[in-house]
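J.: Encoded as structure tokens, here's the structure I'll be asking about.
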Amino acid sequence: MRVFKGEVTALPPDKSISHRAALIGALSEGTTEIMNFSGGFDNQSTLGVLKDAGITLRQELLEGADGRTVRQVIIESKGLWSFQPPSAPLMCNNSGSTMRMFAGILAAQPFASELIGDSSLMKRPMKRVADPLRQMGADLQLSPSGTAPICIKGSKELKPINYRLPVPSAQVKSLVAFAALHADGESRIIESVRSRDHTEVMLGLDSFEQDGERVIVVPGRKTVAAKPFYIPADPSAACFIVALGLLARGSEIIIRDVCLNPTRAAFLNILTDAGACLTIENQRVIGGETIGDILVENHAALEPLLITDPQLVAFIIDEIPMLAVLSAFASGRFELHNAAELRTKESDRIDALVVNLQRLGFDCEQYPDGFVVKGRRITPSGTVVIDSFDDHRIAMSFAIAGKATGCPIDLSDIDVVGVSFPNFFDLLDSLQV
């Protein structure tokens, strides 16, 4: 039997907050200091496109008071229009967050630019990026299939917008907010289903409830003053370690300094309701974000997970792969609906999960907006080849199952975990008793 115990202090800094801290720093007037910035491939892609678009920044590794190495990023900017025409297409690699959110900034710059990515990113839908920016007066061109490259002829004369998000998307909400900061007047973004709210928190935007919807108010052409940011540990990364502890009976793990923003930590409530023994300790607020420690103790069996609420799906969209694999291995069952957004991620995550779970002997059926795991028909006798589909979250979800249960698996691409969790495998090894 495999058992995992220990204290986790080296969880990756939050990916979402790191992206936004860098982009907001580039939009701010003055010097922005970001402590504990993520070293993952996606966040480094954001720094790369900022540098290529004329923003002055530097990063260095520092030794913290507890002996840990932390990454500091310093950004120097003169404000909203500090960007310069790039000499070549801006490479976003595999980072959809970089491409989508930076498009909102480039739409307001008085020059032409082009955003490209790797083969996976170039297949992902970008019409949701173009639609609101075109309504604001920007000229954006996509491929005939509505994907990148995104060719932008920016304009300093963007119009304010009242934009109702057609689907819950923190990336689209953020790109509209970034563009609206440059507009000549006040804009409003309307959410019928909430998504993660880091951009609003970090920019200090006002919001209110109206007719059951959330309205976010973005002032136009208002100076964004530079301020320091601290990046807490990524709850989406913490989910993998939580699952590790819950799958391996007798395990006890404490995960330090995790972002517990209510729009990000809903997976903890789901697991607690299913019988998981999870305790939040040392809870506090830093820079507007709730942070705390998660204690994972494996004392009881988990009930199967049934996830159908669209609002809940929006809050746990990145954690669903791990929750699905955890529920399948722990209880034999899992059911998900209203999650069609999963088909537009780094891979078609619904299909990727079903294909790999079936290889492991689970009886699965997929739908346009989700899938169901009905039980395990057989337990494979030999090593099972798992296809990561070039998707870091698919790779890590099945790696956790293999590590915790001893199920022999062979991952098709282990390097892809570097997108968000470079020290993933080293951390797992350090926790095994």
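Quick reminder: no glycine exception, Cβ is built from N, Cα and C everywhere.
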J.: Since Swiss-Prot lists Lys15, Gly96, Arg124, Gln171, Arg349 for phosphoenolpyruvate, which candidate among Arg214, Arg221, Arg393 does it give for that site as well?
T.: Arg393
J.: Highest Cβ count within 10 Å among the binding-site residues Lys15, Arg124, Arg349, Arg393: which residue is it?
T.: Arg393
J.: Provide the number of Cβ atoms within 10 Å of the Cβ of Arg20 (3-phosphoshikimate binding site), excluding the reference atom itself.
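T.: Result for Arg20 (3-phosphoshikimate binding site): 26 other Cβ atoms within 10 Å.
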J.: For Gly96 (phosphoenolpyruvate binding site), write down the residues of its own chain that are at least 6 apart in sequence and whose Cβ falls under 8 Å from its Cβ; none is a fine answer.
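T.: Correct list: Gly117, Leu121, Arg124, Gln171, Lys345, Glu346.
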J.: Please name the residue among the binding-site residues Ser16, Ser169, Gln171, Asp318, Lys345 whose C-beta has the most neighbouring C-beta atoms within 10 angstroms.
T.: Ser16
J.: Give the distance between the Cα atoms of Ser16 (3-phosphoshikimate binding site) and Arg349 (phosphoenolpyruvate binding site), rounded to the nearest whole Å.
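T.: With distance taken Cα to Cα, Arg349 (phosphoenolpyruvate binding site) is 19 Å from Ser16 (3-phosphoshikimate binding site).
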